[in-house]
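Colleague: From TrEMBL, here are the annotated features:
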- His224: active site, tele-hemiaminal-histidine intermediate (ACT_SITE)
- Gly57, Ser58, Gly59, His60, Lys108, Asp113: substrate binding site (BINDING)
- 11-350: domain 'DhaK' (DOMAIN)
- 389-591: domain 'DhaL' (DOMAIN)
Amino acid sequence: MSSKHFVNSSSASGLIVGNCHGVAAAHPGLYVSDKEKVVFRLQNPKKEKVTLLSGGGSGHEPAHAGYVGDGMLDAAVCGDIFASPTALQIGAGLAAIQSSKGTLVIVKNYTGDRLNFALAVERSRAQGHEIETVTVADDVAVGREKGSLVGRRGLAGTALVHKVAGSAAESGEDLKTVTATAQHVADNLATVGASLGRCHVPGHEESTEDALKPDELEIGMGIHNEPGCRRVSPIPSHTQLISDLLKMLLDTSDSDRGFIQRKPDEKVVLLVNNLGGISNLEINILTAETVHQLSSTWQITPCRVFAGSFMTSLNAPGFSITLLTLPEDAAVSPDTILQHLDAPTTAVGWTNSLPASHWGNQRPVPPRTLSAATRSAAENLAVVPTNTALTSAILKAVLDSVTKNEPTMTDYDTLVGDGDCGTTLLSGAQALIDRNVTSNNLLQSSLDIANVIETSMGGTSGALYGIFFSAFARGLAEKCQGSASFEKIAESAKYALETLEKYTPARKGDRTLMDALIPFVDRIYQDRKKGAEQALMMAVEDAKVGYKATKEMKARLGRASYVEDMHTQGDEAVPDPGALGVVAVVEGVFEAVQKAK
């Protein structure tokens, strides 16, 4: 891995926008919205079709902006490096490609991506837009046992879903057919990779923590530098390595990872993906060896072979192998899938060339700023009167409590996550003060809190808090007719929790922030007739109990589920940092309510 770069900007936003403009420069006809970091193409009003949107964290180029073009995506939403885009960004992308034929959203299976895309999709649906989603989870390194809740990660097979679904949409298929075709591809994918080291992010200091040794490689390393399923030393020959990887993909006797159930006569598509730091020479050698072993060991002759950079991890010195099986008895025939794979596309990230005729379409691109209409006009909102002084006091007390607990959260998350849990929550709490979300209308304040959280936090926790407060506002609108009693507020919080549970599989016992949030909400709902101070006092204690219990829990969701159990179980275990964050927030709420009596 090289830590030297030509571009060493410490601004993640600058890196992302620069990449978007580079894609557009190589493809006349694409547009870039700098603010929302969306690359999109305009629709032909005389020939409407199903539109496709995808996206995710940056650092995986050409995914996803490089796949915007005729015959593939209509828009790609770019988050910061290895971080999901916010729901507001995604909503802006959806607004840019609205079609009377509907939209298909393709999402890689990561918690932050799933939640933020879900929030944007649900909002767009509420505004009357027809949208379907397909989630890609092709990784076999995460077996059935470890991924029982979080699922398999989305990897390079996502590019094949883009290509097939994009061609189906371009050919005029309806939303139901395009979705079914994309889902069929996603259901028959399997991917596994190997890397000689982790990637390096431009503008960041080089880290040697948990680095691979000189004579060591890692199988199953994630595209965000997540640990793989095992390390191998000494480094095996490339022939032995490919043999091991193909066994992980094709061995049906492996009950934990035998995801491909293929009949002998079924066709197979092969995709060999460069994770970013492998020379073309090596990729070609690895591709040739993979084809050879498929034939000689597994009696498989791939009907299509794709090799190159499809889903990278910046400059990670690794590669992955993807197999797409084409069952003969499926509703979508193998010939249909192959026709879509062979169909032309103008997307610069795919492995064919842009036709020269497109260069004749160059024209000045007017500046555009997209906006996802995510909030009703203030005059259309129901009025739920509230005490503005108390709201201000609560927000200030929450900031103080989060500030006090942030160092501990960061320490914990450095061990079991990516180290940003505490600082992310602190950014959100500070933004609520800086942007003055206090209003004499509790419904308006709740919507403002949700919007500020989305724009200031991002990632998984930002999406979770955003969904909760958006649903809380909806609960207020339905339950509070002209007044905001504590009883009605507790009922709205219960409604918000139930809504959040529709979008996350996390429950008590899964070692997440839900271990503190669920008991807190359940208690205030249970004791809602006892008054705010009494109910909150008991609810805070329940949240603390839930938080402390996470120290003894095995992580089943989020980044912590991919790391070794050393810091989530045993003598060196630490509690979940997200659950501590919830405790910090509710302690602040309780303190402010106590002082106000």
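From the backbone N, Cα and C atoms, a Cβ is placed for every residue, glycine too.
TrEMBL entries are annotated by machine, without manual review.
Give me the lay of the land around each of these features.
Modeller: In the three-state DSSP reading, His224 (active site, tele-hemiaminal-histidine intermediate) counts as coil. Here the Cβ of His224 (active site, tele-hemiaminal-histidine intermediate) has 22 other Cβ atoms within 10 Å, regardless of which shown protein chain they belong to.
Under the three-state DSSP scheme, Lys108 (substrate binding site) falls in the strand class.
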Colleague: Between any two of Gly57, Ser58, Gly59, His60, Lys108, Asp113, the residues recorded as binding substrate, what is the biggest Cα to Cα distance in Å?
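Modeller: 15 Å is the greatest Cα spacing among the residues binding substrate.
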Colleague: Would you count the other CB atoms within 10 A of the CB of Asp113 (substrate binding site), including those on all shown protein chains?
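Modeller: Result for Asp113 (substrate binding site): 24 other Cβ atoms within 10 Å.
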Colleague: Can you list, in sequence order, the residues of the same chain other than Gly57, Ser58, Gly59, His60, Lys108, Asp113 whose CB lies within 8 Å of the CB centroid of the substrate site?
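Modeller: Close Cβ neighbours, site residues excluded: Gly55, Gly56, Ala63, His64, Gly79, Ile81, Phe82, Ala83, Ser84, Tyr110, Ile223, His224.
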Colleague: With Cβ-Cβ distance below 8 Å and at least 6 positions apart along the chain, what are the contacts of Lys108 (substrate binding site)? List them in sequence order.
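Modeller: Looking at Cβ-Cβ distances below 8 Å from Lys108 (substrate binding site), excluding near sequence neighbours, one finds Gly56, Thr135, Val136, Ala137, Arg153, Gly154, Leu155, Thr158.
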Colleague: Highest Cβ count within 10 Å among the binding-site residues Gly57, Gly59: which residue is it?
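Modeller: Of Gly57, Gly59, the one with the most crowded Cβ is Gly59.
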Colleague: Fill in the CA-CA distance, His60 (substrate binding site) to His224 (active site, tele-hemiaminal-histidine intermediate), as an integer in Å.
Modeller: 9
Colleague: Please report the number of other Cβ atoms within 10 Å of the Cβ of His60 (substrate binding site).
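Modeller: The answer is 28.
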Colleague: Measure from the CA atom of His224 (active site, tele-hemiaminal-histidine intermediate) to the CA atom of Gly59 (substrate binding site) and give the result in Å, rounded to a whole number.
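Modeller: So the Cα of His224 (active site, tele-hemiaminal-histidine intermediate) lies 8 Å away from that of Gly59 (substrate binding site).
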